[in-house]
Amino acid sequence: MLSDELKLLVGLGNPGTEYEKTRHNVGFMVLEEIARKNNCSFRESKKIFGRTCEYGSGIEKTRLLMPNTYMNESGKSVRLAKDWFNFQNNQLIVLVDDMDLPLGKIRVRSKGSSGGHNGLKSIINHLGTAEFKRLKIGIGAPSNDQQERKSKTVSHVLGRFSKEEFIILNFIIQEIISCIESITSNNWEKISTRLNSYKPDN
């Protein structure tokens, strides 16, 4: 992995044990697995309002960030981390849940709107741009009916995955980690295509 391509991985979620393993915290879950695989531990960083962890060395060092600001203020932590560690927007990847995608699907984008996601909206506002990479992880919607979906959105995203869903999610997390570990400065499009077309039974 080349240093000019990836320096900071941000997982979005809400802090606190009451939110652990909820659908909205799937970004946290990916980072926790990356940390476990690389034997690194998260530590509190008050100056950037988040928990950080780093792995690798030299030009291959990558930092992980889980904001402690709650989802709607995630951008505050991301901007502080970017400025403190002197990263550029193109060295950042945000991992986020997406209710518009079914469980088992991944969507990678190099830029774009928030899609109604408050965490992404906050990051866009604090960075002053929507031009940063984001990796959206499908969590499915509570209903196909728009009115019912709207009324159940909060309970759905703050709910936990079933045992069956966790099996699918684990495949997704491992595929994401495999791709992140192989990112270089000239294969982002290839990685994006691989993730966008991934199916858990591949």
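Note: Cβ is positioned from N, Cα and C throughout, glycine not excepted.
Under the heading active site, proton acceptor, Swiss-Prot lists HIS24. Annotation comment: Swiss-Prot describes TYR19, TYR70, ASN72, ASN118 as tRNA binding site, evidence class sequence analysis. What Swiss-Prot lists as site 'Discriminates between blocked and unblocked aminoacyl-tRNA' is ASN14. Annotation source Swiss-Prot lists site 'Stabilizes the basic form of H active site to accept a proton' at ASP97.
Structure with Swiss-Prot features highlighted.
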residue	record	DSSP class
ASN14	site 'Discriminates between blocked and unblocked aminoacyl-tRNA'	coil
TYR19	tRNA binding site	helix
HIS24	active site, proton acceptor	helix
TYR70	tRNA binding site	coil
ASP97	site 'Stabilizes the basic form of H active site to accept a proton'	strand
ASN118	tRNA binding site	helix
Spatial neighbours, same chain, of HIS24 (active site, proton acceptor) - Cβ under 8 Å, 6+ residues apart: LEU12, GLY13, ASN14, MET71, ASP97, ILE139, VAL157, LEU158
ASN118 (tRNA binding site), number of other Cβ atoms within 10 Å: 16
Residues flanking the tRNA site, with Cβ no more than 8 Å from the Cβ centroid of TYR19, TYR70, ASN72, ASN118 and excluding those residues themselves: ASN14, HIS24, THR69, MET71, GLU73, SER74, GLY119
Nonlocal residues around TYR70 (tRNA binding site), in sequence order (Cβ under 8 Å, 6 or more apart): ASN14, PRO15
Cβ neighbours within the same chain of ASN72 (tRNA binding site) - under 8 Å, at least six residues apart: ASN118, GLY119, SER122
Most crowded position, judged by CB atoms within 10 A, among ASN14, TYR19, ASP97 as recorded positions: ASP97
